[in-house]
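Trainee: Have a look at the structure that comes next, please.
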Amino acid sequence: MKKPIVAVIAGGYSGEHSVSLKSAAGILSWLGSEPFSAFLVLIERDRWSVRVSEQREVPLDKNDFSFDLDDERIRFDYAYITIHGTPGENGLLQGYLDMIGIPYNTGDTLVESLTFNKYVCNRFLSGFGIRIADSMRLTGRDTQPDVADLTARMGLPLFVKPNVGGSSIATTKVVEAAQLLPAIGQAFSEGEEVMIERLICGTEVTCGAFLRKKEVVALPVTEVVAHNEFFDFDAKYNGAVEEITPARISDEATRLIQTMTARIYELLNARGIIRVDYIIEADGIPTLLEVNTTPGMTPTSFIPQQVRAAEMDMKEVLCTIIRDGLNETQ
């Protein structure tokens, strides 16, 4: 029986392109050569290709998600999406894969388009009793809002960030009114919508979850202590942060975070691995920051840390997700 052929899809069209490549390298190293044949698939605006060796890439046929190698036509059996941003995190790639009948590791088009829009996703989850921060959304018609009106409504300090996207790119902490319009302009440079959110004080934590045999497994909680003003791109990827797994919180708080994460997973009808970020405020209740459906997967990323803390094996977690996805289509 031939080994299933898995595409680890990376790249994409956003500012998180380089992060995606690092995540893909991590996934490929964990998967190894057994029990699947895994290839890196690179998606660029002008080219989709398959890396068949360190020095060689061949074109990917978008008609059926296949490629030619040594006079043999090879069609992928499964897609492991690790694109951070468009088109892998907003439902576009999922729709394409659905059309050609290739199973994949994330939620479907509806789930991904919902979770990619931070404002809409948080509002949706708040309807089920999940606490969220006070926030508002600006569209392209609101590039020059009334600063006095906005600060009177939201107060200061605030966070201003693109409403879609991740890695805290173009995110600004605004502590005085004069900083607001430049921050909004910077956020609009990364997308067509901007989210403005009230600053929340407390302990920042994050918790991953995945589905194993139709049961949601919530991983140990990580505490995030940023050495910068907040957990920005520099903190995430240049080491300006302390990540403590398991988090230095009570057992009760840990159980609450894990229960909330599992519930969010189920409410969203998620698949694969997700990560949910929170702030635990002074009253002990977690406030949702955002849901990430294609979290970073480098060896030092949160999810691998949490898997190790749970005394699980990263390869086995990935293989479980892929096997379950393949079995659903058989």
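Even glycines carry a Cβ here, placed using N, Cα and C.
According to Swiss-Prot:
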BINDING   151-206  ATP binding site
BINDING   Asp277, Glu290  Mg(2+) 1 binding site
BINDING   Glu290, Asn292  Mg(2+) 2 binding site
DOMAIN    122-323  domain 'ATP-grasp'
Trainee: For Thr151 (ATP binding site), just count the other CB atoms lying within 10 A of its CB, please.
Mentor: 16
Trainee: Given the binding-site residues Leu158, Ile200, Asp277, which lie close to Asn292 (Mg(2+) 2 binding site), meaning Cα to Cα within 10 A?
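Mentor: Within 10 Å of Asn292 (Mg(2+) 2 binding site): Asp277.
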Trainee: For Gln186 (ATP binding site) and Glu290 (Mg(2+) 1 binding site), determine the Cα separation and express it in whole Å.
Mentor: 20
Trainee: Closest of the binding-site residues to Glu290 (Mg(2+) 1 binding site), Cα to Cα, picking from Leu158, Thr172, Gln179, Glu193, Ile200?
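Mentor: Closest candidate to Glu290 (Mg(2+) 1 binding site), judged by Cα separation, is Ile200.
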Trainee: How big is the Cα-to-Cα gap, in Å, between Glu193 (ATP binding site) and Asp277 (Mg(2+) 1 binding site)?
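Mentor: Cα-Cα distance, Glu193 (ATP binding site) to Asp277 (Mg(2+) 1 binding site): 21 Å.
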Trainee: State the three-class DSSP label for Asn292 (Mg(2+) 2 binding site), counting H, G and I as helix, E and B as strand, and everything else as coil.
Mentor: strand
Trainee: Sequence gap of 6 or more, C-beta under 8 Å: which same-chain residues meet both conditions with respect to Leu158 (ATP binding site)?
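Mentor: Those within reach of Leu158 (ATP binding site), by Cβ under 8 Å and sequence separation of 6 or more, are Thr151, Lys173, Val174, Leu180, Ile196, Glu197, Arg198, Leu199.
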Trainee: Could you tell me which of these binding-site residues, Gln186, Asn292, has the fewest other Cβ atoms within 10 Å of its Cβ?
Mentor: Gln186
Trainee: Of the binding-site residues Thr172, Gln179, Ile200, which one sits closest to Asp277 (Mg(2+) 1 binding site) when you measure Cα to Cα?
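Mentor: Nearest listed residue in space: Ile200.
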